[in-house]
Each structure stands twice: as structure tokens, then as C-alpha cells.
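According to Swiss-Prot:
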SIGNAL    1-21  signal peptide
REGION    22-116  region 'V segment'
DISULFID  CYS45-CYS113  disulfide bond
REGION    117-120  region 'D segment'
REGION    121-136  region 'J segment'
Amino acid sequence: MNKWVFCWVTLCLLTVETTHGDGGIITQTPKFLIGQEGQKLTLKCQQNFNHDTMYWYRQDSGKGLRLIYYSITENDLQKGDLSEGYDASREKKSSFSLTVTSAQKNEMTVFLCASSIRLASAETLYFGSGTRLTVL
């Protein structure tokens, strides 16, 4: 592999912000998370789009996105298809936290935060770069 390509790929992997064409940013922290079985783990998401609705999704290898929680505004939490084993918190319009209440042994997954805006009859979701969780 060319050293410039390697440097570019490395830089992309270390970036925790996803910038979208209209200048908005979704930041997920941490980028990588290693935990132990039974541990409570918290993931954070910030957006500066001024979007009302935010989401947390889980994506396991070989599977599509599964909705964990979403929030239409501050202090409003709606359970998704996969909310068992998770808690969420949204005290400000710009931030949405997700807590894995009890990490499962050998769990390896990616969590994705998104925010959305509805224009006319279409809704566009803007995604963060993801948090990769590994449980030992």
C-alpha cells in the first residue's frame, strides 16, 4: 500500500466527527470502546444541525441497522425495536447519550447516532461515524 494512502486511511479512522455538505457536524464519542462483561458503558453524540430528532442504531456484522432509541425533542425518549439492555438520555437538543446497561461477553458491534430534519414529505438522516464496541 502506498504510504500516502495508508496515512489517509489512518487519518479517516481516527476522525470522530462526520461533516456533512451543509456544514453540520455529528460527533460520536468515543470512536472505539472496550469493555468487560456486565459493565455499564456510555456513548455520546453531539450535533450542531439544530435538528429536533435524534436516533441511536446498532449494526451487527452482516445485519442491517436496528433502532435502539430515538428522541423527537429534549427529555423525550422513544424505544426502538432493540431497547432492552439500553438506557438513553437527551437533556439538550444538541446531544443524545446511550448507555449499554450490561455489556455482553464477546459482543462486537457498531453503534451509530443520527439526526434528522423533515423537509416537505421527505426525511433525511445524517449519521455520525460510529462507535465500535468490543466486550472482552
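Along the chain as shown, the residues are counted starting at 1.
Glycine is no exception: its Cβ is also placed from the backbone N, Cα and C atoms.
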Near CYS45 (disulfide bond), which residues of its own chain have a C-beta under 8 A away, given they sit six or more steps off in sequence? ILE26, THR27, GLN28, THR29, MET54, TRP56, SER95, PHE96, SER97, LEU98, CYS113, GLY128
State the count of C-beta atoms found within 10 angstroms of the C-beta of CYS113 (disulfide bond), not counting that atom itself. 28
The region 'J segment' (121-136) resolves under DSSP into 0 helix, 11 strand, 5 coil
